[in-house]
Amino acid sequence: MHSYQVILLAAGQGKRMKAGRNKQFLMIAGTPLLIHTLRVFEEDSLCKEILLVVNERETQEINDLIRSFQLEGKVRFVSGGKERQDSVANGLSAAAQSGPDDIVFIHDAARPFVMREYLHRLSAAAFEEGGAILAVPVKDTVKEVDGIEITKTTDRSRLWLAQTPQAFRYSVIAEAHARAAQEDHIGTDDASLVEYIGGRVTIVEGNYENFKVTTPEDMMFAEAVIKHRLEGGKE
Ligand SMILES: Nc1ccn([C@@H]2O[C@H](COP(=O)(O)OP(=O)(O)OP(=O)(O)O)[C@@H](O)[C@H]2O)c(=O)n1
Ligand SMILES: C[C@](O)(CO)[C@H](O)COP(=O)(O)O
């Protein structure tokens, strides 16, 4: 079992949620979204430290929130950046004392339902392979389109939906972000930056409950997951 640090990303604006504020503060079953996610890592004995990346303007509010839930034990605050990739880069800078083979997780705080068993599988895979991500098989047929015209139907059997955490040996992800910054290369996830420099990233099959809370209907799905778990579904 390999311990890890997690760069927990919470410095976005939640624009697609249309809530007028950072979605991390929105309540799911009476508890803020961010607290649900923080709790997972606070309670995981393999998690050594939570590098919580936040918008500087929200630091005090988030710090007060964390203390009110007594979840400050492993948290170290990091300032977020303009884009998600910038926030990750700031998190990596804060983790710079890590050894080259230390495992770093990068996780969207907007994914509150990741389960501990998957975190442990991911850590082992990242240690063995250098990089690993949670992902789930596509369930729908996926089309490429031009405007409204379908130009291609992709081979679904080879398509997976990337989730987070995405886990890497520190040296691997640090090099990938350094090269991306040097070459102004932007990726929508961190695995793509490792792929960009020819690095190996593997898949650990996760589950569909680990979705990213992004748009208003996701709040309904989130409430349903909590209800299912309270009624005895697996934690
Ligand atoms: N500059 C940014 C942008 C995003 N994130 C974080 O990255 C995660 C995934 O991003 P997303 O779901 O897109 O969140 P937002 O950027 O807040 O959403 P939107 O794009 O709708 O504004 C979120 O937990 C978000 O807080 C971040 O830390 N720093
Ligand atoms: C990293 C990610 O969650 C993998 O699916 C996704 O790419 C984040 O996208 P976002 O637009 O920054 O939420």
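Residue numbers in this text run from 1 along the chain shown.
In case you wondered, yes, glycine gets a Cβ from its N, Cα and C as well.
TrEMBL lists Arg16, Lys23 with the feature site 'Transition state stabilizer'. Among the features that TrEMBL reports, site 'Positions MEP for the nucleophilic attack' is placed at Arg156, Lys212.
Projection of TrEMBL feature records onto the structure.
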| residue | record | CB count, 10 Å |
| --- | --- | --- |
| Arg16 | site 'Transition state stabilizer' | 13 |
| Lys23 | site 'Transition state stabilizer' | 25 |
| Arg156 | site 'Positions MEP for the nucleophilic attack' | 12 |
| Lys212 | site 'Positions MEP for the nucleophilic attack' | 15 |
For Lys23 (site 'Transition state stabilizer'), which of the listed recorded sites (Arg16, Arg156, Lys212) have their CA atom within 10 A of its CA?
Arg16
List the Cα distance (Å, whole number) between Lys212 (site 'Positions MEP for the nucleophilic attack') and Arg16 (site 'Transition state stabilizer').
12
Tell me whether Lys212 (site 'Positions MEP for the nucleophilic attack') sits in a helix, a strand or coil according to DSSP.
coil
How many whole Å apart are the CA atoms of Arg156 (site 'Positions MEP for the nucleophilic attack') and Arg16 (site 'Transition state stabilizer')?
27
Which recorded sites from the set Arg16, Arg156, Lys212 come near ligand 1, judged by a Cβ under 6 Å from any of its atoms?
Arg16, Lys212
So which of the recorded sites Lys23, Arg156, Lys212 sit close to ligand 2, that is, with a CB under 6 Å from an atom of it?
Lys212
Should Arg156 (site 'Positions MEP for the nucleophilic attack') be counted as helix, strand, or coil on the basis of DSSP?
helix
